[in-house]
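Q: One structure coming up, written as structure tokens, with questions to follow.
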Amino acid sequence: MATTSNAEIVRESLAIACCASLSSVLGALLVILIPRSSLKPGLYGLLKSILAGAVAIVIICDLLITETSFFGWAFGLAGGATVFFIAPLTVDPPSGPNKMHPRDKNLTKDELHELQKREFDSPDVRERAIVGGIVAAVAIGLRNLACGVWFFSFLKWRRAEVEYPGILIWCATESATLGAAVALPIYFGTKSRWRTMVAVVVSAAAFALGQYLAAFTHPSQTVVSRMLEFQAGSMWTMTVFWMLMTPLETTPWRHWIVAFYSSFVCMLGIRFQEYQWGLIGLQHLKQVY
């Protein structure tokens, strides 16, 4: 096992934390650069579907570096149950291409489109979007906190080889995806770029906070694994309820499937390429956990 000084560990952890935080902000910038008038129901649903596929890969990658045991599943289910009771508050508008009410049967296509647009822009729907953004920010903040603890512990244990350009790319791609996932509902609900960026920055700051906590608490490998499993469960529930189910209210299911799986496959290809480059070396991490 290689040995490193405390100063080197702090320097490396700060570099990773800065990379993750800046990438989250850049991911949010891609969302808030969309003109407010262009955020229509169809585009909003497609963006959710695309982010759902990307976030699903992030969850899988987080689970790959933890233990697979009964307690791991239990902690994952506990994280999912935590978000399960909040998720119904984030339901999107009632009418859409996949959900017809009896009153819609007598409407023409143009009238139905106008009804959908009017409901989509209603204050109630925007309020629900804000609640969904808060749920996403909390779930992703928990993930960043757990990953911050894991990264600092990983650097301190030094059980596997680390290639720093590669590990920074790994952090950047995941953090940019999660930053966009936090920004999208809050930007839609508030129409405020500043409020959106504040939510993203607070969520991203949990990564550095996790490293700070790890430096003082020195958690065991089991504790770190349980933290990752809990946040993966909460993010999984958030993905299923908010990022998978609600786009179907405003987006045709064919478009939803294409957007979700296209994003899923693209992120999977990126992750496979990073694995080939030897970014972290999951085969070595399996020996740690």
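Note: Cβ is positioned from N, Cα and C throughout, glycine not excepted.
Relevant sequence annotations retrieved from TrEMBL are reproduced here:
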TRANSMEM  12-34  transmembrane segment
TRANSMEM  46-65  transmembrane segment
TRANSMEM  70-91  transmembrane segment
TRANSMEM  129-155  transmembrane segment
TRANSMEM  167-188  transmembrane segment
TRANSMEM  194-216  transmembrane segment
TRANSMEM  228-247  transmembrane segment
TRANSMEM  253-270  transmembrane segment
Q: Residues of the same chain, at least six outside the transmembrane segment (167-188), with any C-beta under 8 angstroms of its C-beta?
A: 15-16, 19-21, 23-28, 30-32, 34, 39, 44, 47-48, 51, 54-55, 58, 61, 90, 126, 129-130, 132-134, 136-137, 140, 143-144, 195-197, 199-200, 203-204, 207, 242-243, 267, 270, 274, 279-280
Q: If we skip the immediate neighbours and take only residues 6+ beyond the ends of the transmembrane segment (12-34), which ones have a Cβ under 8 Å from one of its Cβ atoms?
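A: Sequence-remote neighbours of the transmembrane segment (12-34) are 43, 47, 144, 147-148, 151-152, 155, 164, 167-168, 171-180, 182-184, 187, 193, 196-197, 200-201, 203-205, 207-208, 211, 215.
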